């Protein structure tokens, strides 16, 4: 017995040591990057456009001016890089997703100096979630540490980000459709794109960063093209509602998954998850019938009438939920971030938080550099990006996929039914249990070890609820099935993401990549 305790203690100490080592080294690396002066000596031409002493006119091409692309353009331009952003359509976007920024994403936005982009567009602060389960069960869960999320119209938010980026003199924001990457001697030298007028043009830069979302036509050239569509999000805008609590979102976990949150002072976005690779037809009325007969009865009373009215108005829109692994190919001169690189399920609304985290990380990695022209050495150096982003992206994305897998399953399997009950009851425990899950979901504490702890704690809670006070043979069989089902959900995701890179990134060689040796020509920042 003593030897077992010693062994268990040694394992725990070993894991704890790795966590401490990882945290301390990462803090040191971030501090070092912040203290290292950026070396970008910008020279202004007669027309006020900033130029540097590099060959060519552009340091970085950014494909896509959504949330990640616009934020990255602003961040890099503030550090003095000359940035050319090419966006397919610069008119205000109209989408049903990307309208909820988790609390952790709001913090990342502030780190980039873009928090004011959330103001002045009737965006709404969200302080808590109301979790709604079967049999009238409810639980209110606040964001920990007095933090908050924001709901808004996606188009208004993106336009503010674009305006902020375009206000910098070393940003060229242009409307055009990128058709392909330009490769020369194994390196990406830029892109081919069609201008707004239809002319095909080549643009060159030392580094091309692709962040044009999950529908990117360039992703297959730089990453494993595997894509899964487990479900569709069906979007409605609810009006004329009477909520008992303001500044609260709803997480409705019944026979279907629905999420609602305010996007203006008079509108609530409702997203309904419709499982399966195919969706009911909107044009034939099949979708409206599905929403009224299957989803509407599961709506909270305070949202029911508004939900029915939204269906009757007929403005029903859909969006496929894509799952894409972060398996990029090392390509000198080109790079993927955000939704172009990887996605899990969007049920928790963490995609923008992951994208903004990518932007902060990439900005910090590029800060010590003064030259991007050596594509091979830059590509080798930026391998650390994929390792450093892994824990945050894993925790936020995997929690979303895990919740969707559990709650999109049928109650015909007693084990899956018990898992649903266990999750809701676990949230209702409050304290470190609900705070821990909310910290993960919101991106405030995207720690993979915390995620695994809570996943298996919920599993243990479910098993305990089944076996206590009397473990009948039937209950023992369900408990065994529950353990198998739960392990079958989390372990494949762990394997796909990479256990070593996720939990022990400090053991990965790429974690220690240092900036390549460069010339002594310095450039001042554009700050």
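Heads up, the Cβ atoms here are built off N, Cα and C, so glycines get one too.
Quantities reported herein were computed from a predicted structural model and do not represent experimental measurements.
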Per TrEMBL record, range annotated transmembrane segment [choices 477-494, 495-512]: 477-494
Same-chain residue ranges lying at least 6 outside the transmembrane segment (477-494) that approach it to Cβ under 8 Å: 398, 401-402, 405-406, 413-416, 418-419, 452, 455-456, 459, 462-463, 466-467, 471, 502
Model confidence over the domain 'Squalene epoxidase' (205-472), averaged pLDDT: 89
Number of helical, extended and coil residues in the domain 'FAD dependent oxidoreductase' (59-89), per DSSP: 12 helix, 9 strand, 10 coil
Close approaches to the domain 'FAD dependent oxidoreductase' (59-89) from elsewhere in its chain (Cβ under 8 angstroms; 6 or more beyond its ends): 38, 40, 42, 50-52, 98, 109, 112-114, 157-158, 161-162, 164-165, 168, 170-178, 190-191, 193, 203-213, 216, 218, 337-340, 352, 355-356, 358-360, 362-363, 366-367, 372, 523-527
